[in-house]
Amino acid sequence: MNQTNFGFKKIKANEKQSLVNSVFSNVADKYDLMNDLMSFGMHRLWKDEFIRQIPNLNSNILDVASGSGDIALKLAKKAKDRGSNISLTLSDINEEMLRQAKKKSIDLNLFQNLKFTVASAEELPFPDNSFDYYTIAFGIRNVPDINKALKEAYRVLKPMGKFICLEFSKVKESLLQDFYKFYSFNVIPKIGKIITGNKEAYDYLVESIDLFPSQDEFRIMIKEAGFEEINYKNLSGGIVAIHSAYKL
């Protein structure tokens with residue numbers, strides 16, 4: 001029987017998605033606040049750097065695992081300020097998270113040109129060769145079958161389309177690595193319990209980060225999905241990395 005990890009726990013592969021859904025449904029209303037607290041606001045700078053990887057906003061963009069919509073709404077605002085003709089599709093398997101994204105888009109008056117689709121990253125309901133860019137930020141490690149999700153990304157991108165992924169990675173500097181591990185396993189779950197009442201959700205978060213492949217290992221996975229011109233850029237000493245590749 002196929003098994004996979006849910007954090008450090010071994011579970012049946014077909015159980016992971018429902019468990020991940022439960023995690024994010026339980027913390028959806030405090031998700032943005034927790035991101036600020038856990039990263040000391042750094043996630044905003046990481047995401048700003050991430051969207052700089054999309055120079056042409058006159059594009060059809062798919063944002064997968066959109067969550068509360070941070071990436072898509074940053075792109076929508078940038079496009080609105082520039083007068084660009086952007087088309088943005090926000091996709092997430094968790095309906096409650098997409099509900100948060102919709103609410104934010106209305107509050108910020110950025111809902112124009114946005115589409116919202118509840119869908120799995122492993123089975124996207126879009127035709128082949130549909131999008132100029134595929135973005136996914138802090139989401140791919142939560143997908144039960146990452147290789148399948150990467151192949152779906154390749155399928156829905158147009159020829160010359162760009163895949164861009166922002167994800168937690170492996171810290172390179174030993175002193176920072178020691179602090180980061182201590183902070184992740186001893187502090188973040190406690191903050192999560194105080195703010196959301198759900199320590200287990202943040203135990204899963206830090207465990208899933210620890211298990212995610214290294215920069216070079218993930219690069220190989222991207223290549224095996226069919227992508228070329230694969231690169232990554234470490235941010236904050238490798239706490240996170242931006243991975244990019246093209247469908248040629």
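Placed from the backbone N, Cα and C atoms, the Cβ positions cover glycine too.
Neighbour density for S68 (S-adenosyl-L-methionine binding site): within 10 A of its CB lie 24 other CB atoms from the protein chains shown. DSSP assigns S68 (S-adenosyl-L-methionine binding site) to coil in the three-state reduction, outside any helix or strand. Summarising the annotation, Swiss-Prot assigns S-adenosyl-L-methionine binding site to S68, D92 and lists sequence analysis as the type of evidence.
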